[in-house]
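Written below as C-alpha cells is the structure these notes are about.
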Protein chains: 2
Amino acid sequence: MESKIAAYSGKAVQERLEWLGQFGSEPNGGVSRLLYSKEWMEAQQSLKKLFADEGLTVQFDEIGNLFGRLEGTTYQDETILTGSHVDTVKNGGLYDGQYGIIAGFLALKYLQEKYGAPLRNLEVVSMAEEEGSRFPYSFWGSKNIIGQANPEDVKGIKDFDGVSFNDAIHQAGFDYKENPMKVRDDVKSFIEIHVEQGNVLETEGKSVGIVQHIVGQRRYTVTVNGQANHAGTTPMGYRKDAMNAASRMVCAINDLAVAEGDPLVATVGKMILEPNTVNVVPGKATFTIDIRHTEKDALVNFTNEVEAKLREIAERTGVVIDIAMWMDEDPVPMDPNIVRVIQEQCEKNNLDYKMMHSGAGHDSQIIAPAIPTAMIFVPSHNGISHSPDEYTNPEHLAEGVNALICALYELGYKE
Amino acid sequence: MESKIAAYSGKAVQERLEWLGQFGSEPNGGVSRLLYSKEWMEAQQSLKKLFADEGLTVQFDEIGNLFGRLEGTTYQDETILTGSHVDTVKNGGLYDGQYGIIAGFLALKYLQEKYGAPLRNLEVVSMAEEEGSRFPYSFWGSKNIIGQANPEDVKGIKDFDGVSFNDAIHQAGFDYKENPMKVRDDVKSFIEIHVEQGNVLETEGKSVGIVQHIVGQRRYTVTVNGQANHAGTTPMGYRKDAMNAASRMVCAINDLAVAEGDPLVATVGKMILEPNTVNVVPGKATFTIDIRHTEKDALVNFTNEVEAKLREIAERTGVVIDIAMWMDEDPVPMDPNIVRVIQEQCEKNNLDYKMMHSGAGHDSQIIAPAIPTAMIFVPSHNGISHSPDEYTNPEHLAEGVNALICALYELGYKE
C-alpha cells in the first residue's frame with residue numbers, strides 16, 4: 001500500500017529537523033534547548049525568519065510562543081492551529097517537540113504552494129516550553145495559549161544556576177507583564193504531531209498513529225517501614241524486612257496491571273532502601289508507582305485495587321505502610337470530530353495508520369479542554385525518547401507530514 | 001532459677017564498661033575508638049594500668065594487642081586466653097568488643113581473689129582491631145595472634161584522611177617490624193565473651209548463649225539488565241522491567257530461606273535501580289545477597305538452589321542476569337570440649353543458657369582454626385548493635401561474667 005500523497009521526501013523533512021537541531025546541538029549528537037536560553041532564542045529567531053521568508057505572518061506572544069500565520073480568505077475569525085514545543089530536555093533528541101513545528105511549517109508551505117490561500121487561517125506555533133527542564137514548571141507555552149498559566153506560580157521559581165523565571169524571560173527580551181495573557185477566541189482547532197515516545201507503532205509496523213485519548217495518571221510514593229536488623233543474627237522468622245515486603249508489593253502491582261490489560265500501565269520506577277547495606281535487613285523501603293489509563297473510572301478502580309492489595313501485603317508481612325498520592329491527572333479525550341477527519345483522510349490517502357492512545361503527556365492535553373484538539377504520532381525507534389538516541393525513520397517523518405497536510409486541508413480549505 | 005555464683009553485681013560490670021567507654025565517647029552517647037587513634041591509645045594505656053594495678057603481668061605485642069597475665073603455678077607453658085577487641089565502629093555502642101575485655105579482666109580478678117594463683121596461666125587480651133572501621137582491613141588483632149596477618153596486605157592501605165596503615169601504627173608508638181609476628185605456642189584455649197548482636201536470647205528469655213558454630217557466609221552482587229522504557233508509552237507486554245524481575249528474585253530468595261529454616265538466613269540488603277525515576281521502567285537493578293549457615297554443605301546447596309532459581313526467573317522475565325559471588329567464608333565450628341565445659345558449668349551453676357550459633361563474624365572465627373576456641377553470648381536488647389542504642393541489661397552482663405568465671409576456673413584451676 002503506497003500513500004496517495006507525496007508532499008515531501010523523508011530526506012527533505014530530516015534536513016529541516018537537522019537545521020533546527022543545530023541550535024543547542026551537543027558534541028554527542030544531542031540537543032539541549034532550555035527555555036529562554038541563548039540556544040532557545042536562536043532557534044525561535046531562526047524559525048521566525050524561516051516562517052517570514054515563506055510568506056507567513058509572524059508574531060511572538062509576550063511569553064515567547066512564536067506563531068506563523070497563513071491568512072484565510074473567507075473565515076478570518078477562524079484559525080486552525082498546529083505545532084508543538086521548541087524546548088528540549090537536557091541532552092534530548094532531534095524529534096521530540098521540534099518535529100511538530102517543522103511538520104506544521106512544511107504542511108502550511110505545501111498547502112499554500114499547491115492550493116493557495118485557505119478559507120480559514122492556518123497557523124503553526126512553536127511553543128515556548130513543555131518539558132519543565134530548566135525551571136520546575138511544565139507546559140508554560142500551552143498553558144499561556146489557553147490562559148491557564150498563573151504568573152504567581154512561576155514568580156518565585158529558579159533554575160539550577162539560581163536565575164529566577166522572571167529574570168530569564170525578561171533577559172530573553174520578552175515584554176512579559178506578569179498578568180495572565182489574553183486568550184484568543186479565533187482558534188477553532190489544534191492538531192499536534194509528535195513522535196510516539198513508545199514502541200507500539202514500530203512493533204505493529206504502522207507509520208502513523210491517531211490519538212484518541214491522552215492517558216490520565218496517578219503517581220504515588222509508598223513508604224514501607226519494617227525493622228533494620230543484623231543480616232547474620234536475625235533468624236528469618238524474627239524479621240520485618242522492608243525489601244521483602246516491598247518486593248511482594250512490586251510483584252502484586254505488576255501482576256494486577258498485566259491482568260487488567262491495555263491500556264493500563266503501572267510502573268515502579270524508583271526504589272530507595274535504608275540503610276541499603278549488604279549485611280543489614282532493610283528497615284525502610286520507599287518506592288514510587290506511576291499508573292496510567294485512558295478512562296478515569298478504570299484508573300480510579302485500578303488504583304483502589306492496588307492500594308487495598310498493598311495494605312493486605314503490609315498486614316501479612318508485618319510492616320507499616322504509608323501510601324501518598326501526589327499526582328492525579330484525569331485522562332484527556334481528543335476531539336472526536338477532528339479524530340474522524342484525520343482517520344478519513346488517512347483512509348482516503350492510503351496512510352498506514354493505527355488508532356491509539358498517548359501514554360505520555362503533551363501540550364495537547366493542556367489545550368484540549370479549551371480548544372478542540374487532536375494528535376498524530378509517528379513511530380519512535382525502540383521507543384527511545386529524551387535521549388540523543390531518539391530516532392524516527394525519515395519515511396515515517398514524511399508520512400506524518402502527509403497525514404497532517406490532509407487533515408489541515410480538510411479543516412482549512414473546505415467549507 | 002537463681003545462679004549459684006554471684007561474683008559481681010550488674011552495676012559493678014556496667015560501671016567498668018562506662019569507665020572504658022569514656023575513651024572515645026561521643027556527645028550522643030556513642031563510642032568511636034578507631035585503630036591507633038588517640039582515643040584508642042588512651043583506652044589501651046588505661047587498660048594496661050588497670051591490669052597492672054590488679055597484679056597482672058602486662059605486655060603489648062608489637063602491633064598493639066594488650067595482654068594481662070595471671071601466672072600459673074604448675075603448667076607455665078599452658079595459657080588459657082580470654083578477651084575481645086578494643087576498637088569500635090564509628091559511633092558504636094558500649095558493649096561490642098569491650099565487654100569481652102572487661103568481663104575477662106573481672107573474671108581473672110575474681111578467680112585470683114577467690115582461688116589464688118591458677119595451675120595454668122590465665123590471660124586477658126584487649127585485641128587491637130576487629131571492625132575494619134578505620135582501614136579497609138578487619139581482624140588485624142586476632143590475625144596477628146595466630147600469625148595469619150600478612151604485612152603486605154596492610155602496607156598500602158590508607159584511612160579516610162589519607163593516613164597510611166604503617167604510619168598510623170608507628171605514630172601510635174609500636175615497634176612494628178613489618179614481618180609476620182612470632183606465634184605463641186603456649187595458648188591452649190581461647191574463650192571470647194561478646195554481645196549477641198541479635199535478638200534470639202532476648203526473645204527466648206535466656207541470659208547466656210553458648211556458641212557451637214560461627215556461620216559461614218556467601219555474598220553476591222546480582223545485576224539484572226532489562227530495558228529502560230517510558231512508563232507511559234510502553235504497554236505491560238512490551239516491557240523488560242528490571243525492578244519487576246528483581247522483585248520476583250527477592251521474593252524467591254526469601255521464600256527459599258524460610259522453607260530451608262534456621263540456621264539459614266538470606267538477606268537482600270542493598271538494591272540500586274537505574275535510572276531510578278518515577279516515570280521510567282527500570283532498565284537495570286543491582287542487588288546484594290548475604291547468605292549464612294553453620295554447615296558448609298547446607299550453605300553450598302542453598303546458594304546453588306538460589307542461583308538456579310534466579311536464572312529461571314531471569315529467563316521467564318526476559319532479563320539478562322549476572323551473579324557474582326565476592327565473599328565465600330566457611331563456617332567455623334567452636335571446640336566441642338570447651339563448649340562442653342561451658343555447658344556443664346552453666347548447668348551446675350544454674351545459669352539460664354541456650355546452645356546457639358553466631359550469625360555475626362567474630363575474632364573467634366579467626367583464632368578457632370589455630371587454637372581451641374569457644375564463645376559465650378549475652379543478650380542484645382532488640383538485637384541492636386553498632387549503634388549508640390546498643391544495650392544489654394546489667395544483670396545479663398553479670399551472668400555472662402559468671403559463665404566465663406566458671407569456664408576459666410575449670411580450664412585454669414583443674415588438673
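A Cβ is built for glycine as well, from the same backbone N, Cα and C atoms used for every other residue.
Model, not experiment: these values are computed from the prediction.
When B:Glu62, B:Glu129, B:Glu131, B:Glu347 are compared with the Zn(2+) 2 site residues B:Asp96, B:His386 in TrEMBL, the one appearing in that site is B:Glu131. TrEMBL names B:Arg219, B:Asn279 for binding allantoate. Of B:Arg239, B:Arg292, the residue it gives for the same site is B:Arg292. TrEMBL lists B:His85, B:Asp96 as Zn(2+) 1-binding residues, and of the candidates B:His194, B:His213 the one it assigns to that same site is B:His194. Note: B:Arg219, B:Asn279, B:Arg292, taken in sequence order from the binding-site residues B:His85, B:Arg219, B:Asn279, B:Arg292, have a C-beta within a distance under 8 Å of a chain A C-beta. Within the same chain, residues at least 6 positions away in sequence whose Cβ sits under 8 Å from that of B:Arg292 (allantoate binding site) are B:Val215, B:Gly216, B:Gln217, B:Arg218, B:Pro263, B:Leu264, B:Val265, B:Ala266, B:Leu299, B:Gly359. Of all the binding-site residues in the record (B:Glu131, B:Arg219, B:Asn279, B:His386), the one with the smallest CA separation from B:His85 (Zn(2+) 1 binding site) is B:Glu131. By a simple count of nearby Cβ atoms, those within 10 Å, the most crowded of the binding-site residues B:His194, B:Arg219, B:His386 is B:His194. Those same-chain residues not listed among B:His85, B:Asp96, B:His194 yet with C-beta within 8 angstroms of the centroid of the Zn(2+) 1 site C-beta atoms are B:Ser84, B:Tyr95, B:Gly97, B:Gln98, B:Tyr99, B:Gly100, B:Glu130, B:Glu192, B:Val195, B:His362, B:Asp363.
The Cα atom of B:Asn279 (allantoate binding site) lies nearest to that of B:His386, taking the binding-site residues B:Asp96, B:Glu131, B:His194, B:His386 as the candidates. As a whole number, the greatest separation of Cα atoms within the allantoate-binding residue list B:Arg219, B:Asn279, B:Arg292 is 37 Å.
B:His194 (Zn(2+) 1 binding site) sits 13 Å from B:His386 (Zn(2+) 2 binding site), counting Cα to Cα.
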